[in-house]
Amino acid sequence: MTDATIYYDDDAESTVLDDKTVAVLGYGSQGHAHAQNLDDSGVDVVVGLREDSSSRSAAEADGLDVATPRGAAEQADLVSVLVPDTVQPAVYEQIEDVLQPGDTLQFAHGFNIHYGQIEPSEDVNVTMVAPKSPGHLVRRNYENDEGTPGLLAVYQDPSGEAHDLGLAYAKAIGCTRAGVVETTFREETETDLFGEQAVLCGGVTSLVKTGYETLVDAGYSPEMAYFECLNELKLIVDLMYEGGNSEMWDSVSDTAEYGGLTRGDRIVDDHAREKMEEVLEEVQNGTFAREWISENQAGRPSYKQLRAAEKNHDIEAVGEDLRALFAWGDD
């Protein structure tokens with residue numbers, strides 16, 4: 001039994017948003033989903049976008065009111081900041097002086113609050129509602145009367161209503177249908193960054209590339225290496241998603257299970273664990289945050305170089321060719 005506090009529809013009081021206007025700043029992956037779900041839930045919504053934003057026409061076509069970020073914040077009681085992390089401090093500077101005491105400033109990720117890139121006035125509520133899914137799935141699940149699990153955190157609560165407002169917002173976008181876990185800005189930020197770097201985005205892709213290279217260097221065909229190290233990963237992850245590691249072990253062959261159980265720890269060994277701990281420490285002590293902030297201030301030279309190298313890896317060309325040759329199912 002988990003010790004986590006999890007909220008569902010019955011725990012949220014939707015009426016706390018009845019007399020409120022919500023500004024959604026940004027209309028990207030999360031922004032479009034939040035704004036449309038809030039609107040469909042009967043919440044008064046205005047979308048904040050630059051005058052020259054390419055998303056303005058899309059938001060207007062979806063039937064939403066659109067203003068500049070500052071104009072939207074002036075109208076709103078709750079401002080949901082859903083532009084990219086790297087843009088948020090500049091956007092906050094545009095709206096800071098129009099936030100009134102008791103207003104709520106809300107985020108979907110804690111980076112800028114946790115690392116001090118945004119320092120709100122003490123008389124403003126600061127909350128986080130973070131769906132644990134890409135925006136298009138948040139929207140699709142809502143339309144299908146399903147939910148998307150999410151996180152809720154309160155950083156400061158001068159009005160005494162921050163928690164209730166965040167929970168009502170989470171319900172309005174469909175998260176409490178599935179369940180909303182209570183957390184903190186620190187916990188969400190640090191676990192999210194660590195998971196991305198050590199496992200989900202960094203660890204997995206490096207493991208896949210290294211496995212692919214090992215097979216190709218040993219004389220096996222790139223196509224077979226691609227299938228065994230990248231393509232089949234989805235099949236395994238789907239099983240883990242549905243029922244944890246045990247579901248996966250129960251579903252694969254005995255040979256695969258024995259081989260994985262006896263060889264897996266030789267790959268992710270004590271040295272890998274030490275490196276994971278180093279990555280976590282860099283997240284905790286702010287080393288990564290300072291590095292990423294400096295990288296953006298310098299115009300992202302390392303980021304661009306690393307991205308180009310990834311796109312030019314042999315596994316990308318092999319995968320593109322194979323995906324064009326096979327009739328893939330929807331799943």
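Glycine too: its Cβ is placed from the backbone N, Cα and C atoms.
Positions annotated as domain 'KARI N-terminal Rossmann' by Swiss-Prot: 4-183.
Listed in sequence order, Pro134, Gly135, His136 are the same-chain residues six or more apart from Ser29 (NADP(+) binding site) with CB atoms under 8 A from its CB. The NADP(+) binding site annotation in Swiss-Prot covers Tyr27, Gly28, Ser29, Gln30, Arg50, Ser53, Ser55, Asp85, Thr86, Val87, Gln88, Gly135 and is backed by sequence analysis.
Sequence annotations record features per position, and here Swiss-Prot assigns active site to His109. Sequence-distant neighbours of His109 (active site): residues of the same chain at least 6 apart with a C-beta under 8 Å from its C-beta are Asp85, Met128, Ala130, Glu188, Thr189, Asp192.
Summarised by DSSP class, the composition of the domain 'KARI C-terminal knotted' (184-329) is 124 helix, 0 strand, 22 coil. Sequence annotations record features per position, and here Swiss-Prot assigns domain 'KARI C-terminal knotted' to 184-329 based on sequence analysis.
Taken from Swiss-Prot, the feature Mg(2+) 1 binding site applies to Asp192, Glu196. Neighbour count (other Cβ atoms within 10 Å of the Cβ, all protein chains): 18 for Asp192 (Mg(2+) 1 binding site).
Marked as Mg(2+) 2 binding site by Swiss-Prot: Asp192, Glu228, Glu232.
Positions annotated as substrate binding site by Swiss-Prot, on the basis of sequence analysis: Ser253.
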Farthest-apart CA atoms of Tyr27, Gly28, Ser29, Gln30, Arg50, Ser53, Ser55, Asp85, Thr86, Val87, Gln88, Gly135, residues recorded for NADP(+), distance in Å: 20
Cβ neighbours within the same chain of Thr86 (NADP(+) binding site) - under 8 Å, at least six residues apart: Asn296
Site of maximum Cβ density within 10 Å, from binding-site residues Glu228, Glu232: Glu228
Averaged pLDDT, computed only over the residues in the domain 'KARI C-terminal knotted' (184-329): 96
